[in-house]
Every structure is written in structure tokens, then in C-alpha cells.
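Okay, here's the structure, questions in a sec.
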Amino acid sequence: MGNDFLFTRIKQGDEKALEKFTKENYLFFCALANRYVNDVQEAEDIVQEVLIRLWENRRHYQDITCLRSFVYTMIRNQSLNLIRNRKRSSQHFHLLPEEEENNFFNILVEEESNRLLFNAINTLAPQSAAIIQLSLQGLKNEEIARELSISENTVKVLKYRSLKKLRQLLHHRIFNILAFYI
């Protein structure tokens, strides 16, 4: 069952659809949050808070095209808020461990890279953008072909062309990010 169908059911109040989505993605989401906050318990708390907020506000999310990416963004933002709050607390005591500064710096670079990547993906043709987004979600060519109702060969060709275009678009931008932060 695709995430679009699950999200439609979630918006309609189907708790089983939310449960299925959670079971399929919970470990991935916890690992993602843990990359930011570097604390397993806090990462699990963040994921639970995000999933609760998704459920509580489900009727307000009308323009969401990819549920997994949307939840990824919610987790990222919640994690960054936690890091900012940690930083503020540390500044009150004039203590900011170097490790946390480096972690925050790495997150900023990753955030900017992700922003550039998603902006570049949005310049692609809609079908090509969908193929790249599904690939980033971990789907294989065969699964993407089924999801989009196209041939697997079409997926391969469009994916190859899209990746080539993304490399060209991002080559200079990634260098600019590094130059800015170094």
C-alpha cells in the first residue's frame, strides 16, 4: 500500500493506516532524529511527538505530496529546535561543548545541502522529480515503476538523466556551501 493512499486514510481518521505507516518507518525516523540529537531516548521522543502532531493536525495537511518526506522534515525541524534549545541553555551557563558546536555546524551544512538538493529536484520534470524522490526514500526501480505505473526501463532512463542533470546543477552550489562554511 503506497504512502499516498496511507496518507489519504490517515487524513480520514484511520488509526490503522497511521499504525501501518509508523511500523514501516519508525526505525528509520528514530535513526534520523538520533543523527541530529545524538541521544536515542530524545530521538524516540521526537519521533513520537512528530507522529502525534501529524495525527492531531492531519486534516490541515492538504498539500502534502510525499508523506515520508513531510515527516522527515518535521523530525528534522523538531531536532534542530531541540539543539537550539540546548545551545541557549548552555549559553546561559557560558558552556557550549565543542562537540555540540561541531554537531550543530554539521547539521547546518547538511540542512543547506538538503535544501539545495530538494530545490534542484523541483526543477526536474514532474515524473523525473517523483522518481528521484522515491529513490531517496529507498525504493528500488521495480517498486518505483509499480508506484508510478511506468516501465522499469523508463525509470532507469529517467533516473539516469535526472541524476546527470542534478550533478550539473549541484556541482557549483555544493562547492559554494563548502567555501561559505570553511
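For all residues, glycine too, the Cβ spot is worked out from N, Cα and C.
Quick paste of what TrEMBL says about this protein:
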- 138-165: domain 'HTH luxR-type' (DOMAIN)
Kindly report the helix/strand/coil residue split of the domain 'HTH luxR-type' (138-165) according to DSSP, in that order.
22 helix, 0 strand, 6 coil
Kindly state the mean pLDDT of the domain 'HTH luxR-type' (138-165) in the predicted structure.
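Looking only at the domain 'HTH luxR-type' (138-165), pLDDT averages out to 91.
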